[in-house]
Amino acid sequence: STMRKRKTTDSPHSSTDLSEGEEKLRLKQEVGLISGVSLIAGTMIGSGIFMSPEWVLHHMGSPASSLLIWAACGLLAMFGALSYAELGTIIKESGGEYIYILRIFGSFPAFLFAYTSVILVRPAGLAAVCLSFAEYAVAPFYVGCSSPQVVIKCTAAACILLLTIINCLNVRLATSVMNIFTAAKLLALLVIVVGGVVLLAKGQTRSFQNAFENTTAGIGAVGVAFYQGLWSYDGWNNLNYVTEELKKPEVTLPRAVMIAIPLVTCLYLLVNVSYLAAMTPSEVLSSGAVAVTWGDKVLGSWAWLISLSVALSTFGSSNGTFFSGGRVCYIAAREGHMPDILSMAHVRCLTPSPALLFTSAMSLIMIISGSFTSIVNFFSFIAWFFYGMTISGLLYLKIKKPELPRSYKVPIIIPIIVLMAAVYLVLAPIIDQPQIEILYIVLFIFSGVILYFPLVRYKCHPRFLQKATLHLQLFLEVAPTTRDAN
């Protein structure tokens, strides 16, 4: 059958016996409903809402059309998350798109996803958020001039190293950081929302007069505007990466989605309205950091609060991205698609520390040469290609295997809409404004073929890798794990 059978016996890289075979090493189920909502909302609310509004407005041309894009992005994220919630109740394993593609389509496409995600997509996303954190964190020290790039990149690197320590030490510590920073960023957004309400009450509505004037209608421009908007919603699928660490995943997963995404969507719309109440569209477009400009205009001497809030927000988002991104690497290694050392967990902390360290190293490399805007566009292109593949897998299961047990079902029209949107988001920018970088990305994805057949299909593993794995295992104090029993 197309659904791949799970291994019934433990493979060498998926389990081990400790204390004479009586205990199995596994990750703890530490993520409840509040932490689940924080993981989704805390990852979604990052740098995007503070940096993307000007780009959405730039591509759409008018305030009203940009607000429609923000609302449509929220609806699309909600539809995608509800579809993923059903997949998470059918396939109760961590790993998100990777594990769904593996179980539905098989080993080869799953390896291409893991290869692309672990080497490029996740580290690039983390690098982009950490770079935006660094820009806001160092800005107060360089008043009146632009911050040196070397200082920004060193600060971003320090952020990644701090996140690595937090996530390697304890899952509960990482989720506590997530909860605290999510509360802080929600408070910051509420300050902007309340400021906007006060401005509207005073009659500052000139940005909303003739609000559809100069609207852009090109399919490519709309597609790129969606990319910038959806970057701010990225993280809607994060809970699916840690399904095995959820308490009662069949209940927690759908509930967390239904609470977090509508909350974030409403906040984003109100924050954009507040920006446009304080500034004209031309002022928004000329602002390098729209939230800081808003703070200067509305809060006066208290404007530093916005820079602090953005720094806190992006740090919390980085933590959520790092938390889930390391799990993709860990699960792919557990299934034999990555080196065995990455499938292991620390024997005392019970965290997938080798996978987290690898993700950290790749992100540090991305920081050296990364720029925020290019990372967002190409990250979105790859992400929606694989989102579309995953959603088509859900449609296959709904049509061909309706008998599979699932505690939650989404109406079939919802994944169909998400699939159509994914196809549009992948093809529209290519058709309207083809760029050579997209060809490079496609070539990178399929370069995984060179590695797949010798290393995964035919298992040609050099002997020195086994010795290196053993030495790293001893040095990092890690051991193989068993997957969750559900």
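In case you wondered, yes, glycine gets a Cβ from its N, Cα and C as well.
Features of the protein shown, as given by TrEMBL:
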type: REGION; residues: 1-22; note: region 'Disordered'
type: TRANSMEM; residues: 31-52; note: transmembrane segment
type: TRANSMEM; residues: 64-85; note: transmembrane segment
type: TRANSMEM; residues: 97-118; note: transmembrane segment
type: TRANSMEM; residues: 150-174; note: transmembrane segment
type: TRANSMEM; residues: 180-201; note: transmembrane segment
type: TRANSMEM; residues: 256-278; note: transmembrane segment
type: TRANSMEM; residues: 298-317; note: transmembrane segment
type: TRANSMEM; residues: 354-372; note: transmembrane segment
type: TRANSMEM; residues: 378-397; note: transmembrane segment
type: TRANSMEM; residues: 409-431; note: transmembrane segment
type: TRANSMEM; residues: 437-456; note: transmembrane segment
Do the transmembrane segment (437-456) and the transmembrane segment (378-397) come close, with at least three CB pairs under 8 A (pairs 6 or more apart in sequence)?
yes
So are the transmembrane segment (256-278) and the transmembrane segment (31-52) touching or not, going by 3+ C-beta pairs under 8 A with a sequence gap of 6 or more?
yes
Maximum Cβ pairs under 8 Å to the transmembrane segment (31-52) - stretch from the list 64-85, 150-174, 180-201, 378-397, 409-431:
180-201
Below 8 angstroms Cβ to Cβ, which residues of this chain, lying six or more residues outside the transmembrane segment (180-201), approach it?
37-38, 41-42, 45, 49, 267, 270-271, 273-275, 277-278, 291, 294, 298-299, 305-306, 309-310, 312-313, 315-316, 319
Please indicate, using numbers and ranges, the residues of the same chain that are 6 or more beyond the transmembrane segment (150-174) and have a C-beta under 8 Å from a C-beta there.
27-28, 30-31, 126-127, 130-131, 133-135, 137-138, 142, 245, 315, 318-319, 322-323, 326, 346, 349-351, 353, 356-357, 360, 363-364, 367-368
